[in-house]
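Read through the structure below, which is laid out as structure tokens, and then see the notes.
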Amino acid sequence: MEKFMRLASLVPLVLVLLYFPVAYSGHDYGQALSKSILFFEAQRSGYLPHTQRVNWRADSGLNDGKASGVDLVGGYYDAGDNVKFGLPMAFTVTMMSWSIIEYGKQMAANGELGHAMDAVKWGTDYFIKAHPQPYVLYGEVGDGNSDHYCWQRPEDMTTDRRAYKIDPSNPGSDLAGETAAAMAAASIVFRRSNPAYSSELLRHAHQLFDFADKYRGKYDSSITVAQKYYRSISGYYDELLWAAAWLYQATNNQYYLSYLGNNADSMGGTGWSMTEFGWDVKYAGVQTLVSKFLMQGKAGRYAPVFERYQQKAEYFMCGCIGKGSKNVQKTPGGLIFRQRWNNLQFVTSASFLTTVYSDYLSSSGKYLKCDSGTVPPSQLLSFAKSQVDYILGDNPRATSYMVGYGNNYPRQVHHRGSSIVSYKVNPKFVACREGYATWFSRKGTDPNLLTGAIVGGPDAYDNFADERDNYEQTEPATYNNAPLLGILARLSGGHGGYNQLLPEIVPASKVTPQKPAPKAVNPQKPAPQPRTRPETPASSGPISIQQKMTSSWIANGRTYYRYSAVVTNKSTKILKFINLSILKLYGPIWGLTKTGDFYTFPSWLNNLPAGKSFEFVYIHSASPADAAVSSYTLL
């Protein structure tokens, strides 16, 4: 359980193959992915399904919400206790959904997409119950104080299961905003496989965003029992922007685009320079997602504002890889270190952002701009890989911080369910304090393996004590694992096949029949076909560039264009060297080699004889890019 912390400073027509100088070896990322998803089944509350694979768990929390006249059975326990906290649960679902949206194809190749989607749906099914009216959202079941007094299996718990809600008189914009983000992101996940469910999630997302924005306030001022455990230090502006970003991603509704543009400064989206990302502080996530919109050509008239979001996103990225004006602290072994209590939550969240941003940059043919100069996207991916490898055992202690992965992993996890004999093995009731006397204080391996759990992790000097009462280091949490799903899927996929700027196409789960995609809610009207200047050269000298649109198509309510650009040597000499400047490019490009801020000949071409031409092509959802000849040499 998290204590409060300080806020600190396809389209099927084309497939781009991107190669990174990263060696994918040493760890079985596919196995780690499977285990990390399995952890969520151990955290389930409610009636367990017949497909439950963690067989030492049983039904629990079956009267949740009953005293308040609402069904709140289901959802997730956040960590090693038996409380259902809405804010971290919603963030968990948002990050699981984002992982699937970006890397669902790789999850499917590993046979894990169905399990990942089940994990998301277990959370969203609960959120639907917790949102019985447009302006009512239940944000907690159970009380951390009474829960911590006892050490019991979820199946035995006798602690207070009171339900706590927000409403217009007791608002919680951060809680409602994060839940709206989770529902919007999940609606994308289910768009193909379950369109009716996807539409239902979007309906809740719209209502929750309206609730969050209309009745503003911090949720822990209304649900005060959460303050000791999940206090909202950052306030709610970041969640409002975060929710708007996800609703725009899910719907292309211009209202949410305008919200991001008009509130960028006043809500801190373009003001906060971040070095952390997690369940409380969403700014770096907002900045990364808005940067994606910009690179996709979806910013419209807000492009100048979105560029300032992107500058803040790159501040975060540069700080992670040690090339910024303020770099994140790292342990001697190279792990990001932010705080002693559950530090790995920040490691997995930051690593996810660097992973997706690396792919965004690669898809657009761009480099990361840091204080130390331009950095290739591959360095961001290499950084994320280094953090994951550390977690999986490449560290000074040779300890895997994923339970059940490798040979040397935590055996005394701070987790009630895993530390007490399974209800199915011995159904004898474990009383409140008896659990502490008999099981918590017991020195020995947990009777149940909490497979896939990411524990809190080592301290600032790479030290770690595998002891059950060392809750700062041995307690797991759902929001530790959620971002890791996407990174592991990405790493398991190896090289090639990545273009994160095309419309999201989440493959349908193998366990669910594929259905036609539904019409988008409030979709953006397809943009009119842009005018092209096929016979207008980009330069009037001896080297010309002529562009024309060769095809277009609509995907998910958005129009994409393929442009062809022909570079011609009109001189009587051999063109040996050329540097092209290409601005306002928001998609992938083929047929050129990127060198710093410029493009040059493709790898198969060394020179261009007099009168000859070569072609490059690119795709995006905007007018033609600004292509010009910056320099050349004629011999």
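Each Cβ is built from the backbone N, Cα and C atoms, and glycine gets one as well.
Just so you know, TrEMBL annotations are computer predictions that nobody has curated.
Going by TrEMBL, these are the annotated features:
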- His414: active site (ACT_SITE)
- Asp466: active site (ACT_SITE)
- Glu475: active site (ACT_SITE)
- 543-623: domain 'Carbohydrate binding' (DOMAIN)
- 511-544: region 'Disordered' (REGION)
- 1-25: signal peptide (SIGNAL)
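Sorting the domain 'Carbohydrate binding' (543-623) by DSSP state (H, G, I as helix; E, B as strand; all else coil) yields 0 helix, 51 strand, 30 coil. Averaged over the domain 'Carbohydrate binding' (543-623), the predicted model reaches a pLDDT of 84. In this structure, the active-site residues under consideration are Asp466, Glu475, and the one with the smallest number of other Cβ atoms within 10 Å of its Cβ is Asp466. For His414 (active site), the number of other Cβ atoms no farther than 10 Å from its own Cβ, over all displayed protein chains, is 25. Rounded to the nearest whole angstrom, the C-alpha distance between His414 (active site) and Glu475 (active site) is 5. Glu475 (active site) sits 10 Å from Asp466 (active site), taking the Cα positions as reference.
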